[in-house]
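The next block holds one structure in the form of structure tokens; read it before the comments.
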Amino acid sequence: MTSLHKPGAATGPRTDRPRRRRVGTGGRRGVPLPLLLPGLLALAFLLLPLVALLIRAPWRSLPGRLSSTEVWQALQLSLVSATAATAVSLVLGVPLAWLLARTDFPGRGLVRALVTLPLVLPPVVGGVALLLALGRNGVIGKWLDAWFGITLPFTTAGVVIAEAFVAMPFLVISVEGTLRAADPRFEEAATTLGASRFTAFRRVTLPLIAPGIAAGAVLAWARALGEFGATITFAGNFPGRTQTMPLAVYLALQNDPDAAVSLSLVLLTVSIAVLAGLRDRWMTTS
Amino acid sequence: MTRSVRRTRRMLQVAGAGAAALMALSACSSSSTSSDSSATKSDKSSSASPKLSGDVTVFAAASLKESFSTLGKEFEKQHPGTHVNFNFGGSDSLAASITGGAPADVFAAASPKTMKIVTDKKDATGTPAVFVRNQLEIATVPGNPHKVASLKDLTKPGLKIVLCDKTVPCGAAAQKALDASHLKLTPASYEQDVKGALNKVELKEADAAVVYKTDVKSAGGKVEGVEFPESAKAINDYPIVLLKNAPNAGTAKAFIALVQSAEGQNVLSGAGFLKP
């Protein structure tokens, strides 16, 4: 449907100009200048800071800096906690996305808006909110502490929670979008053939939306890996336990900018490797 | 959840405004007594030059927020037509902005080390003057249920302590005090700044934190301060300086003079700072 609309809408406003330009730039690769220039500017804007990071990197002292145990601890913790946060997001987020896409209940619009709130909330606010909810003196945390002796702040579990809080909306939005685009008739056919609704979800819907789930998971993982504000507010900063790479970068910046650049470079490399490796495979197939 | 955040934020704002108002009051009451003792040279010069005008931009350490805001209002009152703009933040990042070319008139840092970043780049005029000092204090949850009475008590097992990270001034000072008394302390977290450490105690997530006296004071009744003698070995100097590219140097000088005057010192010591 939407693909039928696009050509009409696109040619509409261009009718007075297109012929000359198309002839000028030649055939299929007609790129209008008003699109090309801002597009290239955007590309430069997004890439320039990263290039600057590469230029200013203290390459000579890099191996020495990166071989310190603290860096490896932080990197390891970052990778482990981001993966755990993604797992939490998958287990809880996919069902939530299904509820939002396939069921109808009063206030669904509001729930959808609230789900996306962590996307726009300043991460520090998210961290404070988590403290007030799950902290030792928090609304729920008080009982966790009293009944089970569990306190989440200052623990690795706290890091995972902070990251999942910020990253899960990415997964939910992505999966919900895929679910809406997927044809519900397959599920209906399965249920008329005798499958329960959960079986239909498991055997029919889940394989159908797998690329969307994978794309959402990659996004959530990348967001979790870069999470800073909520983590330092809720989980604190202790090397080996709650100090992830972004925290290490921030604190290194206070007295050793070169170290911060080196750490940033590691985080950048890991992020690019994962995004490039997974994006082509998963994100375009949906 | 967000509503409660907003509510606490509003409460914090109200508390902050209350504290500022209190300080303003104390400043007013003390100004009458200080008038006789304020015969210092700098104070004279500030009142002697009547034609001050325009905006002054002051970059100041976050810990100076309450007292400098009070002094800013006082300055504007003394010199109608002037306006003092503040940029409060971590001394490191402020220094980075100044060396990066931020159009500021005055820089007040929380440590000589951060001031050195600016003087090394030749962005300051003259030598920075230490105008206050800040001493560490232990902040505990109200009522001090764990009976923390000394720095050594913080090393008791089972206590949740937070310190500032060693990379920021308050953390470096805490480490100095611990080292001087041969104590080893494993905190639950190394916070990114002194307010982060204080917040963890205010929210009762940590049992105690090592912060500045001024932070304990600005927190009102939400934390309880415990002084410890070792803090004398780790006192932080706060230098202030006029910047080279100051857009409004004349008025900026007068503001620095106010900070150093007896009146300014009264406001600052009211906030918990020590005299240099």
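The first residue you see is number 1, and the count goes up from there.
Backbone N, Cα and C define each Cβ position, glycine as well.
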Per TrEMBL, B:SER63, B:SER91, B:TYR212 bind molybdate; matching candidate in B:VAL106, B:VAL118, B:VAL194, B:VAL226:
B:VAL194
Greatest Cα separation in angstrom, residues B:SER63, B:SER91, B:VAL194, B:TYR212 binding molybdate per the record, works out to 15
Under a three-state reduction of DSSP output, how is B:VAL194 (molybdate binding site) classified: helix, strand, or coil?
helix
Chain-mates of B:SER63, B:SER91, B:VAL194, B:TYR212 with C-beta within 8 Å of site centroid, molybdate
B:ALA61, B:ALA62, B:ALA110, B:ASN134, B:PRO169, B:CYS170, B:ASP193, B:LYS195, B:THR214, B:ASP215, B:ASN236
So how many other Cβ atoms are close to B:SER91 (molybdate binding site), meaning within 10 Å of its Cβ?
29
